[in-house]
Every structure is written in C-alpha cells, then in structure tokens.
Amino acid sequence: APNTNFVSSACNTQKIPSGNPFFNNLGAMLADLKQNTAFSGYDYKTSRAGSGGAPTAYGRAICKSSISQSDCTACLSNLVGRIWGICSNAIGARVQLTDCFIQYEQHSF
C-alpha cells in the first residue's frame with residue numbers, strides 16, 4: 001500500500017464561493033489526474049475548461065517512481081479525498097503526501 005502520510009501543503013487564501021461552477025471543473029480535473037497519472041510516467045498535467053464562465057481548472061499530479069502503478073492511483077485517490085479538508089476549498093493548492101503530490105490552480109503553470 002502507498003504511504004499516504006501528510007508531508008506539506010500550500011493553500012491559496014482565496015476560497016471558491018459555495019456553489020461556484022469551478023467546483024465542477026476542479027472535480028473532473030482531479031478525477032482525470034487520479035485515473036491517468038500512473039499510466040502517464042507518474043507525472044501528469046491536465047486541465048478542464050469551465051462552463052458558465054467558470055475558470056479553467058489546471059492540475060498536475062506526481063507519484064514517487066519507486067511505487068507501483070496501483071499504489072500511485074491509490075495514493076492520488078486518497079489525496080483527492082483529503083485535499084478539500086487540507087486546503088478548505090482554496091482556489092489553488094499544492095499538497096504533498098509521502099508517495100504522491102497534487103497541485104491545482106485557476107491558471108496554467
């Protein structure tokens with residue numbers, strides 16, 4: 001199993017307003033990261049265009065090269081499930097667990 005211990009985070013102080021359509025793009029983009037990073041060289045960037053004037057969600061996920069593909073996916077799944085709590089609906093975040101990392105923003109990086 002992957003090591004999902006929390007290492008560090010950097011959270012934007014600006015919050016996504018409740019009910020904002022950006023949540024939808026962000027959710028879709030995080031699901032994309034979770035599903036594809038293990039099969040994309042363990043370092044994968046993607047984006048989801050916004051609907052209804054919502055900003056595009058940009059993201060990147062990285063897994064440690066020493067873990068299996070299934071552990072990479074499991075680590076990112078764990079992190080996606082925790083990122084809202086760690087960065088409480090921030091418009092941008094970087095969170096590192098021992099075996100994986102996710103960054104998301106409203107701008108390309």
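Yeah, the Cβs are placed from backbone N, Cα and C, and that goes for glycine too.
Quantities reported herein were computed from a predicted structural model and do not represent experimental measurements.
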Second cysteine of the disulfide that Swiss-Prot assigns to Cys100, among Cys75, Cys87: Cys75
Disulfide-bonded cysteine for Cys72 as listed in Swiss-Prot, from Cys63, Cys87: Cys63
Euclidean distance between Cα atoms of Cys100 (disulfide bond) and Asn12 (alpha-D-mannopyranose binding site), Å: 20
Chain-internal residues, separated by at least six, CB under 8 A from Arg94 (alpha-D-mannopyranose binding site): Ser9, Ala10, Cys11, Phe101, Ile102, Gln103
DSSP three-state assignment (helix, strand or coil) for Asn12 (alpha-D-mannopyranose binding site): coil
Pairwise Cα distance maximum in Å, alpha-D-mannopyranose-binding residues per record: Asn12, Arg94, Glu105: 9
Which of Cys75, Cys100, the listed disulfide-bonded residues, has fewest other Cβ atoms within 10 Å: Cys75
